[in-house]
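Participant: Here it is: the structure, laid out below.
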Amino acid sequence: MANPPHGGVLKDLLARDAPRHDELEMEAEKLPAIVLTERQLCDLELIMNGGFSPLEGFMNQKDYDSVCENVRLADGNLFSMPITLDVSQAVIDEGKLKPGSRVTLRDFRDDRNLAILTIDDIYRPDKAKEAKLVFGGDEEHPAIKYLYNKVQEFYVGGKIEAINKLNHYDYVALRYTPAELRVHFDKLGWNRVVAFQTRNPMHRAHRELTVRAARARQANVLIHPVVGLTKPGDIDHFTRVRAYQALLPRYPNGMAVLGLLGLAMRMGGPREAIWHAIIRKNHGATHFIVGRDHAGPGKNSKGQEFYGPYDAQHAVEKYREELGIEVVEFQQVTYLPDTDEYKPKDEVPPGVKTLDISGTELRNRLRTGAPIPEWFSYPEVVKILRESSPPRHTQGFTIFLTGYMNSGKDAIARALQVTLNQQGGRSVSLLLGDTVRHELSSELGFSREDRHTNIQRIAFVAGELTRAGAAVIASPIAPYEESRNAARDAVTQAGGNFFLVHVATPLEYCEKTDKRGIYAKARRGEIKGFTGVDDPYETPSKADLTVDVSKQTVRSIVHEIILMLETEGFFDRS
């Protein structure tokens with residue numbers, strides 16, 4: 001029999017509200033609407049299907065404060081992660097939202113009405129408190145960056161009436177709701193289920209540790225990977241799911257099933273581990289594996305871990321009785337070549353030879369085409385990963401040139417385009433500052449906001465082209481550090497490679513060699529908001545290459561860029 005849900009009752013709002021579907025659908029058309037973001041959609045789906053039981057909506061201020069401060073809802077139920085609906089003042093004003101009013105929650109992807117929320121309260125969160133208490137306070141933490149840079153200024157709390165499930169077009173048969181997974185376990189006759197959470201591909205070590213956990217508890221295995229939002233830079237879920245499917249036959253017959261979880265991870269370490277355990281309990285699991293640095297985001301810029309390696313295990317152990325799911329703590333397993341087996345590291349006798357491949361080394365082997373041994377991963381899994389991780393010399397990249405007007409950016413860009421075309425092997429696209437302004441951003445001015453929007457557009461185009469294997473050369477002024485960092489993030493998150501080249505030609509030289517007289521017009525006040533005259537240029541703090549046309553020729557600068565690309569493996573050396 002499956003584990004009882006958290007709070008005692010599975011809050012399957014879709015099943016509960018199905019008899020009123022037509023009535024709610026008609027009402028939703030007449031109400032103001034909040035169009036949900038991707039993260040909000042992930043949260044809503046798990047509220048509606050019971051994955052976040054005992055929640056029945058987005059948290060009001062009482063629950064939010066209690067979760068942040070006490071790791072439990074206002075009614076006393078253990079819950080570790082704030083589940084909130086953030087909105088802007090403009091949305092509140094447009095919808096005339098207030099406590100007691102009803103509002104439709106709508107999918108941004110297809111404009112479908114998903115639910116109606118009855119507003120309990122609208123409140124301004126204490127983001128500093130949330131950042132400190134929930135995530136630890138390090139401003140480099142991805143969830144804290146998201147909180148400060150993406151989350152709107154107000155939260156809307158209230159209960160939900162469900163109308164429609166989210167539409168998915170990928171791996172539909174594997175997207176079990178908690179109720180469906182519980183029925184599936186009953187059909188299979190499974191009474192004890194060990195759930196395994198992952199956002200990465202699985203290899204032999206993962207297979208070994210899950211089988212060990214199941215055998216020790218006379219249980220079966222639920223492979224339950226996250227396919228919602230994970231950490232930027234993670235391998236896409238399409239590739240991962242194909243790899244999980246390829247791995248499944250390697251388990252003893254009938255031992256494991258694969259189900260997908262559309263969760264938006266926060267990378268919240270100890271808090272997230274508790275949350276993950278609650279979610280798996282709601283899906284019917286009786287046991288949950290928590291490993292080293294569970295759901296941690298890695299290291300900050302100083303090379304420091306955001307959380308201790310076993311903080312997550314300590315957190316779930318602290319609340320073990322309340323969680324109502326047995327937590328399986330595991331040590332990292334390692335390969336013993338002399339006996340061709342895997343063992344937990346704490347069980348390996350001193351002096352015995354072991355082998356491991358780190359995630360960084362694996363990515364490097366995929367990038368370079370170096371062999372990946374069978375003791376580490378199965379050939380069918382490696383084949384899938386290689387298909388989605390082509391060698392570096394076939395990948396696209398973006399060269400992002402930034403500097404003052406007339407610093408030589410465009411001359412470098414044109415010369416680099418010719419050189420790369422001569423090199424061959426990939427298409428080359430040129431995004432000159434003036435061309436982009438004319439073709440993509442003609443309606444924009446030169447305010448800080450408009451400049452940022454212009455760079456966002458360049459980054460979007462560059463990311464799409466780079467992902468498709470093209471070489472992109474962009475040469476906007478891009479005076480602001482925030483915009484340049486956002487451009488780097490956009491391209492890398494699209495799966496591309498990004499190089500920032502600071503064309504650090506001094507302002508005096510740019511002005512002296514300005515044959516068009518644009519600087520002179522700016523000095524006379526005929527042009528406002530001109531970079532270097534009455535608007536600042538923020539020197540890049542993390543340029544991949546710094547060049548100067550007042551001291552170097554364009555030819556030598558292009559050669560430096562080519563050498564940088566060659567060193568990084570972007571040209572075929574065979």
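Placed from the backbone N, Cα and C atoms, the Cβ positions cover glycine too.
Note that the structure is predicted; figures quoted are calculated from it, not measured.
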Participant: Per Swiss-Prot, which of ALA90, ALA115, ALA128, ALA295 sits in the sulfate site along with GLN197, ARG199?
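Facilitator: Of ALA90, ALA115, ALA128, ALA295, ALA295 joins GLN197, ARG199 in the sulfate site that Swiss-Prot records.
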Participant: In Swiss-Prot, the residues ASP434, THR435, VAL436, ARG437, ILE477, ALA478, ARG516 are said to bind 3'-phosphoadenylyl sulfate. Which of ARG414, ARG448, ARG451, ARG555 is said to bind at that same site?
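Facilitator: Same 3'-phosphoadenylyl sulfate site in Swiss-Prot: ARG451.
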Participant: How many Å lie between the Cα of THR435 (3'-phosphoadenylyl sulfate binding site) and the Cα of ARG199 (sulfate binding site)?
Facilitator: 40
Participant: Fewest neighbouring Cβ atoms within 10 Å: which of the recorded positions GLN197, ASN200, THR435?
Facilitator: THR435
Participant: Return the count of C-beta atoms lying within 10 angstroms of the C-beta of ALA478 (3'-phosphoadenylyl sulfate binding site), excluding that atom itself.
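Facilitator: There are 28 such Cβ atoms around ALA478 (3'-phosphoadenylyl sulfate binding site).
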Participant: Please give the average pLDDT for the region 'Catalytic' (170-394) in this predicted model.
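Facilitator: Here the mean pLDDT over the region 'Catalytic' (170-394) amounts to 94.
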Participant: If you draw a 10 Å sphere around the Cβ of ALA295 (sulfate binding site), how many other Cβ atoms fall inside it, taking every protein chain shown into account?
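Facilitator: The answer is 25 other Cβ atoms.
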Participant: Distance check, please: Cα of ARG199 (sulfate binding site) against Cα of ARG437 (3'-phosphoadenylyl sulfate binding site), rounded to an integer number of angstrom.
Facilitator: 39
